[in-house]
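Peer 1: If you scroll down you'll find the structure; I have some questions about it.
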Amino acid sequence: MSKIKSIYGIHAVSGVLDAAPQRIVKLYVQENRDDQRLQSLVEKAKALGVKVILLSRTELNTLSNEKHQGIVADCEEVENLDESALLSLLKKRETPALLLILDGVKDPHNLGACLRSANAFGVRAVIAPKDRAVGVTPVVRKVACGAAEMTPFIRVTNLSRTIDWLQKEGVWIVGTAVEAETLIQEIDLTGDIAIVLGSEGAGLRRLTKERCDFLAQIPLRGSVESLNVSVACGICLYEVQRQREAPAPS
């Protein structure tokens with residue numbers, strides 16, 4: 001029997017309704033809340049056959065002590081994906097693969113933001129270690145604004161071994177490091193690529209860094225020496241998109 005997990009917030013619930021409405025067991029909505037976005041979600045849920053239950057704000061607060069925006073959904077948990085899912089994803093590719101590897105990101109807000117950027121820029125899968133890293137939590141789902149439901153999130157036992165396997169499959173591994181001598185825009189990102197970002201504060205682990213085919217830095221002009229991992233994620237993924245959509249030289 002599938003485990004049930006609560007998610008909350010308009011964007012998170014909307015993402016599940018769009019991607020996998022069959023996962024929603026019950027939808028709890030704050031009664032008499034004047035919010036057109038909420039009403040639209042309720043109408044959509046009912047049209048999809050989802051059971052909607054009206055509760056007072058006090059009752060809803062007992063289901064979630066986070067900022068729920070008047071809506072909480074009991075959902076069947078997504079099946080955990082592991083290394084075996086990567087092979088299937090890569091075999092199905094018709095265009096150059098783009099993967100995102102997060103080496104030990106622990107903050108759920110950062111993971112949620114990275115998932116949102118990953119979905120926006122067409123990342124095929126986000127890969128993270130099972131240990132010493134955050135998984136997909138209700139906070140992650142809320143920050144991701146539905147992207148957690150649409151972007152495969154694969155947790156692996158041994159990140160170094162996974163990187164080795166990806167390289168054998170023809171994927172180039174591009175790590176980010178403040179000490180790198182090469183700028184991200186100087187690397188050809190038009191082929192099968194995995195962008196690797198390190199944890200908050202510590203950056204890439206030594207073993208991960210040693211396995212990268214390239215190390216790149218994001219050019220900074222101010223006094224700060226590094227960026228938040230989710231900000232760096234968006235910049236790197238945009239650069240991949242920029243290169244891939246650039247006109248071919250005449």
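Every residue gets a Cβ built from N, Cα and C, even glycine.
Here's the feature list from Swiss-Prot:
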- G198, I218, L227: S-adenosyl-L-methionine binding site (BINDING)
Peer 1: For I218 (S-adenosyl-L-methionine binding site), write down the residues of its own chain that are at least 6 apart in sequence and whose Cβ falls under 8 Å from its Cβ; none is a fine answer.
Peer 2: T176, L183, I184, L227, A232, I235, C236
Peer 1: I need the most crowded of these binding-site residues: G198, L227. Count other C-beta atoms within 10 angstroms of each C-beta and give me the top one.
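Peer 2: Top count of Cβ atoms within 10 Å goes to G198.
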Peer 1: In DSSP terms, helix, strand or coil for I218 (S-adenosyl-L-methionine binding site)?
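Peer 2: The residue in question, I218 (S-adenosyl-L-methionine binding site), is coil (DSSP, three-state).
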Peer 1: Around the S-adenosyl-L-methionine site formed by G198, I218, L227, list the extra residues of the same chain whose Cβ is within 8 Å of the site's Cβ centroid.
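Peer 2: Near the S-adenosyl-L-methionine site, the remaining chain residues are T176, V178, L197, G203, Q217, S226, N228, V229, V231, A232, I235, C236.
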Peer 1: Compute all pairwise C-alpha distances among G198, I218, L227, the residues listed as binding S-adenosyl-L-methionine, and give the largest one in whole angstrom.
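Peer 2: Between the most distant Cα atoms of the S-adenosyl-L-methionine site, 13 Å.
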